[in-house]
Amino acid sequence: MAQPPVILTCGEPSGIGPELAVKAWEALGARLPFVWLGDPAHLPRGSKIREIGHPSEAVSHAGSAMPVLVHEFPKAAIPGEPDLDNARAVVDVIARGVDLVMRGEGSALCTAPINKKVLKDGASFAFPGHTEYLAHLAGGADVVMMLACDELRVVPATIHIALSEVPTAFNAEVLRKAVRITHNGLSRDFGLENPQIAIAGLNPHAGEGGAMGSEEQDWMIREIANLRAEGYAVSGPLPADTMFHKAARAQYDAAICAYHDQALIPIKTLAFDSGVNVTLGLPFVRTSPDHGTAFNIAGTGQASPASLIAALEMADTMGRARR
Ligand SMILES: NC(=O)C1=CN([C@@H]2O[C@H](COP(=O)(O)OP(=O)(O)OC[C@H]3O[C@@H](n4cnc5c(N)ncnc54)[C@H](O)[C@@H]3O)[C@@H](O)[C@H]2O)C=CC1
Ligand SMILES: NCC(=O)COP(=O)(O)O
């Protein structure tokens, strides 16, 4: 049976998502068939599209036009000016995309960026991002966010929370869960045997023996030893400032970090154009570009499709491997 297409959700229609979908289709065409799920009225004028009734029709049309499964929105989309009245439909598109991949009609889900505040204000969206919403739609799956590029993979053990909440939220149970899901994801979706996982300390110099913070001494060193005794190839806690240079990166397959910026700053600095956000732990494959809605350049033609193309390629490869 032919591989079903990747399902690409539209994301925030006033952001760069719609124009990047068309650029990605122009680059990928029939080589990597995907279906864009959204309102065709939100695409740049003159985009070559083909409205289809079912994802299975995508493969035969992807060479000549971007296949579109129509999801009507209440309002037009003005680049850079989000309309709260469209927020509910943005959320519904994600749920519809998940339904398609859960039923096997799509091989994988790739999501264009959403604007979390727009969804909160316009649709009372109760989740801080896709990652948490997808875990909810998958019945409360245990998931982690990984950002991956050729040179580095990072996992923030805590994600979208205030920095002041991190020292409490980042604990032995959360670290253990992140290690388990990362280990399983690296084995299953990245094909790595015995993956090496580096763990960043929370404090400067990983606490420097308790001189600069106590979490490493209080629980991290003990928990990492426990994980090692259970067979996980983990190292740490490592000073976060010296674990991302080239020689250090060669020592591990993924770095687990205590909080969002500790993980995302190195990868976005290294590979903003090619980084991919992948959710590990879901019963389906989900990827996304590493960037956001970029309202400041939406509609100007300046946005690069490189990260979205990398995300579609990763979704397709992982989707195939899982079949
Ligand atoms: N997967 C998702 O749904 C994600 C959503 N976001 C959301 O996006 C919104 C905006 O977030 P920001 O922090 O401003 O990050 P952003 O990634 O949207 O923009 C940061 C800077 O990078 C530039 N930029 C972003 N993508 C680009 C591209 N493809 N080509 C060229 N330049 C690009 C922007 O113009 C801006 O100067 C927030 O609501 C955030 O929560 C952010 C990251 C991922
Ligand atoms: N900073 C990464 C980000 O916001 C992506 O979140 P998600 O929507 O993939 O959960």
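Using the three backbone atoms N, Cα and C, a Cβ is placed for every residue, glycine included.
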Same substrate site per TrEMBL - residue from N277, N296 joining H130, T131, K268, R286: N277
T131 (substrate binding site) and H205 (divalent metal cation binding site), Cα-Cα, nearest whole angstrom: 30
Number of Cβ atoms other than its own within 10 Å, given for H160 (divalent metal cation binding site): 14
Integer Cα-Cα distance in angstrom, T131 (substrate binding site) to H160 (divalent metal cation binding site): 10
Length of the line joining the Cα atoms of H130 (substrate binding site) and H160 (divalent metal cation binding site), in Å: 11
Rounded to the nearest Å - Cα separation of K268 (substrate binding site) and H160 (divalent metal cation binding site): 16
